[in-house]
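Everything on this sheet refers to the single structure shown next.
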Amino acid sequence: MIKARALTKRYGKKTAVADLSFTVRPGLVTGFLGPNGAGKSTTMRMILGLDVPTSGQVTVNGKPYAAHRAPLREVGAMLEARSTHTGRSAVNHLRALAVTAGIARSRVEEVIGIVGLRQVARKRAGGFSLGMGQRLGIAGALLGDPATIILDEPVNGLDPEGILWIRNLLKALAAEGRTVLVSSHLMSEMALTAEHLIVIGRGRLIADTSVEEFTRSASRNSVSVRTDEPWRLRPLLAGRGVNVASDEHGTLQVAGLSSERIGRIAADNRIALSELTPHQASLEEAFMELTREAVEYPTPHPPQANAEGCVA
Amino acid sequence: MSTETIRPPRAARGRVTQARVLHSEWIKIHTLRSTFFTLAFAVGAVLAFGPLVSFFTDGKGHGFQPAEWSLGGYIFAQLAVGVLGVLVVTGEYATGMIRPTLTAVPSRLPVLWAKAAVYAAVIWVLMTAASLTAFLLSQAILSSRGVPSTSLSAPGVTRVVFGTALYLTVLAVLSVGIGALLRNTAAGISTVLGLVLVLPILTQTLPTAVADNVFPYLPSSAGRTLAILHQESTMLAPGTGLTVFCLYAAVVLAAAAVALKRRDA
């Protein structure tokens, strides 16, 4: 269980995190979502006591992280994949961390097996690919068999197989009753992995909701309707909460009515339809819509909302 | 849930203690190749210099002194000791390793104490062994060539041999402190080398009256008093010199501790 209360961090005049309050509950995967520069990493650093909040506070399992006597048993964290001395082998890196909590050598070998690095465990970490670095970071987070797991952008640099692996790992960890907080700037990835979402933009809370609820409220669904008699159909569809637009070919874009309802209205009025296509806005579009105001480094022409294209 | 019932005793087992952090830093220091190469250079310099000089000297050179000359390799060793001491800390900042390190030990200070202690212990053991070996080898070579030599039983000679290693050991602690204070490899190494090599030379450019009052208190000259057989009258007594040098190291390490505790990692 992670609880943040009015968490604020300023670096000089720049406010990285502003008055952020949220609770991360055990037993489910919580996605921590926001555009680059939204304050996700800063928040995670504050959770782990690496950065001291300017004001507000955050506790892990009831105490500030640094107050825990056996921190590795409480929280396992990976902040950035490249957080390993490049000259040390994976196994020695993990051993150095493990002994601080009296964790046995056998557990080091075990987590190396879990993340699939057995073949390269004795190679220097400096030669690892980004994906292997991620796996080593995750191995470090699992060392203490902790009740709470915090991972910053764990899917970055992983191949599709790796992404699937981490998705299943996170779900399994949550199913064991652990608290799992995972940051990402990819809405589509979180939609598949997380059950709960905390969305921030420019350091402020935008949404704290279930994935289901978020999808429902944020998606702007519409239906394309084509008919030879748009002038007849259009007034029949008009009503509260319904928005009808038409393009130059006479195709109507209807928001606020289901395709079933539109079809029924057309049939009742004997209007022939040549097309009736429901469109669901993707989660990525919904996320971009929601955070448009809060993007730290906007591009002049927003790129296509496309999961693969965003992995940079 | 079953995991909940197992957790409390496990957490009790996972406590961070100073001894465990010492173990961790020991693993860190001996699992890097850079440690091996740098220390091999330091040991090699001490072992090679004295015997080499002893092999060629006729014992009539200006200021020839069989004990001190046999340990002249310290000049090179101190560079390696200073550089590696800085790297022990700044290497973690440069690679990002400092984040997992401080996440594992959130109280932070045990990490600094452990780094200083482990590194100082390694330097002390290696440099004592190297100094002693270099001294004995050199004296054997000198006497075999009929050049005046000395022995450990001569007055002050043991102090010089073990004092050389002690100077390098305290320098090791000072370097770790400087690394932790500056957190940047280039800045840290420049500072240590400046302190040991440049500052004594700069001081010599001061008016003699001033220089005579400043020079003895420089870290390197105070620390070296233990390793010099016959002090000039302007220098500090060996015991006082060592104390002053230790104070430098202690002050820097304390400043580093305050900074480590207060700064964002």
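A Cβ is built for glycine as well, from the same backbone N, Cα and C atoms used for every other residue.
TrEMBL has this to say about the protein:
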TRANSMEM  B:36-55  transmembrane segment
TRANSMEM  B:75-95  transmembrane segment
TRANSMEM  B:116-141  transmembrane segment
TRANSMEM  B:161-182  transmembrane segment
TRANSMEM  B:189-210  transmembrane segment
TRANSMEM  B:242-260  transmembrane segment
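Segment contact holds for the transmembrane segment (B:189-210) and the transmembrane segment (B:75-95), given three or more CB pairs below 8 angstroms at sequence separation of 6 or more. Sequence-distant contacts of the transmembrane segment (B:116-141) (same chain, at least 6 residues past either end, Cβ-Cβ under 8 Å): 22, 25-26, 29, 39, 42-43, 46-47, 49-51, 53-55, 66-67, 69-71, 73-74, 77, 81, 84-85, 88, 149-152, 161-162, 164-166, 168-173, 176-177, 253. If one looks beyond the transmembrane segment (B:161-182) by at least 6 residues along the same chain, the residues whose Cβ comes under 8 Å of a Cβ in the stretch are 42, 67, 71, 74, 77-78, 81-90, 112, 115-116, 119-120, 122-124, 127-128, 130-132, 135, 152, 188, 191-192, 195-196, 219, 223-227, 238, 242, 245-246, 248-249, 252-253, 255-257, 259-260.
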